[in-house]
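What follows is a single structure, written as structure tokens, with notes after it.
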């Protein structure tokens, strides 16, 4: 047990070890709800500057750590950050998200993409992750993250976020051959990027397939799942002991399929009751989630009740407490503090299943 005592709490739970309470972190825990972040944003208005200048990205990543001591500290970045390294020019517009300047619509454009060389294209990622590991030591788990092939393809083909995804669905259903070529190239690049993050200090990596919930289950099986598997298989070949998390927004219809991806942990959103998620996924699949981010607008008693409800339903093994998606920018900062305080005071012995 000597090794376990110095292994951070979240990493132990993610590996399936028995812990005394669920570890807790929050998606988008570094962000606009924090005054410290808003102050820094005034000095660095460009998202790419905030996420790619190492000293700034390190400071942002550590803001929630210094304020709340979550069990996970995640790299401050964006899922589209590696795209320029493949030859896909992009920017991140404040409040609007990624913008792809020349959306990929033709065979020629896809042929021109080149393999990702992270040491050349993304050296700042190594600097940031090494600094985070150095700062938190064994007191917290450092998380990296990547976008999934379908979701990055959706941005690259649409040119920006979309409500209908009509352009990429047009490609998927009328010219699937070139989309499969793009998805393959993206999967291989994402695997390289995830390995680079792990080699740079990430102890757990989460893959965001944010837009795969826009697919029917049969199309998920064609355009999302095989490429999630391709990424995870490549990462596991070289880093078999690094826990991998998969998140799909709006995943209620594909939850069981997510467990087939090769991920160690399935992130569950609030549209599925955690007890139902556990029943659907089976006892061997670890889970993350799944409070509605809006719960943090409620009273302290309401927040506490919802935390306890989720933890009871998830049970005392293989659960990482989190929101079902990112914390909302309008969330009162003191409620986030209360969420973390309450979660860290829990003990499975005192939470009746």
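A Cβ is built for glycine as well, from the same backbone N, Cα and C atoms used for every other residue.
As given in Swiss-Prot:
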type    : residues                              : note
BINDING : 28, 29, 30, 31, 32, 78, 155, 210, 325 : substrate binding site
SITE    : 78                                    : site 'Transition state stabilizer'
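Taking the Cα atom of each, residue 30 (substrate binding site) and residue 78 (site 'Transition state stabilizer') are about 12 angstrom apart. For residue 325 (substrate binding site), the same-chain residues 6+ apart in sequence whose C-beta sits under 8 angstroms from its C-beta are 27, 247, 249, 269, 293. Around the Cβ of residue 28 (substrate binding site), the same chain contributes 326, 327, each under 8 angstroms and 6 or more positions distant in sequence. On a Cα basis, residue 78 (site 'Transition state stabilizer') lies 12 Å away from residue 155 (substrate binding site). According to DSSP, residue 325 (substrate binding site) sits in a coil region rather than a helix or strand. A separation of roughly 15 Å, to the nearest angstrom, links the Cα atoms of residue 32 (substrate binding site) and residue 78 (site 'Transition state stabilizer'). Counting every protein chain shown, the Cβ of residue 30 (substrate binding site) has 26 other Cβ atoms within 10 Å.
For the recorded positions listed here (32, 78, 155), the lowest count of other CB atoms within 10 A around the CB belongs to 32.
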